[in-house]
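So that you can see what the record holds, here are the features copied from Swiss-Prot:
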ACT_SITE  Glu185  active site, proton donor
ACT_SITE  Glu396  active site, nucleophile
BINDING   Gln42, His139, Asn184, Glu185, Tyr328, Glu396, Trp439, Phe455  beta-D-glucoside binding site
DISULFID  Cys204-Cys212  disulfide bond
CARBOHYD  Asn211  N-linked glycosylation site
CARBOHYD  Asn216  N-linked glycosylation site
CARBOHYD  Asn363  N-linked glycosylation site
CARBOHYD  Asn429  N-linked glycosylation site
CARBOHYD  Asn461  N-linked glycosylation site
CARBOHYD  Asn483  N-linked glycosylation site
CARBOHYD  Asn499  N-linked glycosylation site
SIGNAL    1-22  signal peptide
Amino acid sequence: MKHFSLLFIFLVILLATSYSDAFTRNSFPKDFLFGAATSAYQWEGAVAEDGRTPSVWDTFSNSYDTGNGDVTSDGYHKYKEDVKLMATMGLESFRFSISWSRLIPNGRGLINPKGLLFYNNLIKDLKSHGIEPHVTLYHYDLPQSLEDEYGGWINRKIIEDFTAYADVCFREFGEDVKLWTTINEATIFAIGSYDQGTAPPGHCSPNKFVNCSTGNSSTEPYIAGHNILLAHASASKLYKLKYKSKQKGSIGLSIFAFGLSPYTNSKDDEIATQRAKTFLYGWMLKPLVFGDYPDEMKKTVGSRLPVFSEEESEQVKGSSDFIGIIHYTTFYVTNHQPSASLFPSMGEGFFKDMGVYIIPTGNSSFLVWEATPWGLEGILEYIKQSYNNPPVYILENGMPMVRDSTLQDTQRIEYIQAYIDAVLNAMKNGSDTRGYFVWSMVDVYEILSGYTTSFGMYHVNFSDPGRKRTPKLSASWYTGFLNGTIDVASQDTIQLWSNFSVSSSL
């Protein structure tokens with residue numbers, strides 16, 4: 001054990017001194033928010049309790065063998081314990097989502113009083129501990145009743161129902177909520193759910209990779225994406241007309257943003273990378289900032305890409321007070337077919353239209369991501385230059401590790417340090433970034449990997465009916481950073497080990 005301790009201390013020293021610039025919490029503005037995140041289906045559990053009805057995520061997860069969110073971290077019953085952990089950590093903000101089918105079980109109409117009570121209690125508990133709630137209205141979990149009735153996000157009826165749902169949330173919770181995200185990672189939501197079939201409700205054209213029972217990959221992602229933008233804009237308009245002057249909050253949309261870098265120095269790969277940015281970033285950002293889709297997308301996708309009316313264009317333009325960024329890693333982009341590509345560019349859908357090949361960096365794979373903080377810095381610089389430097393929140397950033405592998409998650413610490421440093425560098429270069437959220441606060445059910453990997457700073461024992469929480473080393477590091485007791489690039493990190501019991505084990 002002594003040999004292990006010395007080896008670990010050496011690794012921590014190496015980790016703590018591997019960055020050129022020291023930074024602390026005080027290196028960031030006082031109003032910059034450091035937080036952590038979860039989502040309703042992934043954290044709450046209690047899927048059949050107190051009036052909640054099934055969502056499309058319940059249906060989707062029960063169709064596969066990667067587990068489900070029936071109990072998961074049991075946040076519904078353990079939220080007070082988790083809020084205390086956040087307060088001890090010094091967390092400044094907690095991002096969570098509201099389960100539409102818990103609050104309004106039929107998707108529209110009567111409010112579930114027990115669902116309303118749960119979210120009011122959670123929000124007030126956060127506020128009483130000085131933690132700012134950042135509330136996401138939609139995170140992959142459409143009430144199954146609306147999917148069954150009219151097809152959900154591929155039907156324009158969703159705009160009215162989503163706006164009515166948002167109205168309930170603004171009215172009931174808005175006095176205590178200053179940050180709202182309408183729809184989570186809109187780009188990858190439309191692609192994963194309506195092209196690739198890898199996210200609920202699992203639509204895609206027939207292919208050899210995923211067995212979808214319905215869908216059209218060449219049209220549905222664009223229809224869903226269009227309705228996402230219109231639903232967001234409608235909810236945003238409602239908030240600004242009815243609530244903003246009194247509640248004084250902000251409302252935004254989030255996108256999933258891979259870092260994108262040319263695979264070679266060739267002109268072809270540079271052009272391919274710009275094309276990928278146009279499709280993966282510009283698809284949502286250009287309408288939000290300028291009121292219409294990128295010309296290259298309109299030319300390529302043609303009549304399959306819906307058209308904004310003049311009124312819709314004006315409503316979408318400027319509808320986001322901020323842009324939320326979901327980012328985990330970076331991929332190389334090439335114009336020429338490589339031996340291994342992450343996403344198939346041939347097929348019927350989005351990636352065929354994009355017409356480039358995406359290659360993992362280093363040892364990255366679909367579920368294991370290499371730390372590439374320069375990729376996030378590049379995204380923030382690109383958004384600054386291309387989209388009028390809007391306010392940005394990094395709403396998810398974290399590192400997956402094999403579940404139950406270790407509490408000494410030094411790789412995760414290194415990852416978080418590097419990405420916070422990248423955010424600081426981008427801000428020094430003028431990016432209007434205003435917050436950073438680690439995914440995830442505690443171990444949760446993951447959308448792609450179920451319970452095989454975990455991102456949490458707190459380990460959750462999913463075999464224990466009580467879902468015991470145990471801090472990982474990353475929780476201790478984040479606590480030290482937020483409380484000003486760790487100066488990155490100094491050797492203060494060594495103190496973590498002396499405070500983190502050698503006997504701490506799973």
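Heads up, the Cβ atoms here are built off N, Cα and C, so glycines get one too.
Structure with Swiss-Prot features highlighted.
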residue: Gln42; record: beta-D-glucoside binding site; DSSP class: helix
residue: His139; record: beta-D-glucoside binding site; DSSP class: coil
residue: Glu185; record: active site, proton donor; DSSP class: coil
residue: Cys204; record: disulfide bond; DSSP class: coil
residue: Asn211; record: N-linked glycosylation site; DSSP class: coil
residue: Asn216; record: N-linked glycosylation site; DSSP class: coil
residue: Tyr328; record: beta-D-glucoside binding site; DSSP class: coil
residue: Asn363; record: N-linked glycosylation site; DSSP class: coil
residue: Phe455; record: beta-D-glucoside binding site; DSSP class: coil
residue: Asn483; record: N-linked glycosylation site; DSSP class: coil
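Sequence-distant neighbours of Cys212 (disulfide bond) (same chain, 6+ apart, CB under 8 A from its CB) are Gly197, Gly202, His203, Cys204, Ser205, Pro206. Between the alpha carbons (Cα) of Asn184 (beta-D-glucoside binding site) and the residue listed as 'active site, nucleophile' lies a span of roughly 10 Å. Closest to Asn429 (N-linked glycosylation site) by Cα-Cα distance, out of the binding-site residues Gln42, Tyr328, Trp439, is Tyr328. Contacts of Asn216 (N-linked glycosylation site) defined by a Cβ separation under 8 A and a same-chain sequence distance of 6+ are given as His203, Ser205, Glu348, in order along the sequence.
Comparing Cα positions, Asn461 (N-linked glycosylation site) lies closest to Phe455 out of the recorded positions Glu185, Glu396, Trp439, Phe455.
Largest Cα to Cα distance within the recorded beta-D-glucoside binders Gln42, His139, Asn184, Glu185, Tyr328, Glu396, Trp439, Phe455: about 18 Å as a whole number. Comparing CA positions across the recorded positions Glu185, Asn211, Asn363, Asn483, the one lying closest to Trp439 (beta-D-glucoside binding site) turns out to be Glu185. Asn461 (N-linked glycosylation site) falls outside any helix or strand according to DSSP and counts as coil. Secondary structure at Asn429 (N-linked glycosylation site), taken from DSSP and collapsed to helix, strand or coil, is coil. For Glu396 (active site, nucleophile), applying a Cβ distance below 8 Å and a minimum sequence separation of six or more within one chain yields Ala37, Glu185, Ile326, His327, Tyr328, Phe437, Trp439. Here the candidates are the glycosylation sites Asn211, Asn363, Asn483. The one whose C-alpha lies nearest to that of His139 (beta-D-glucoside binding site) is Asn211.
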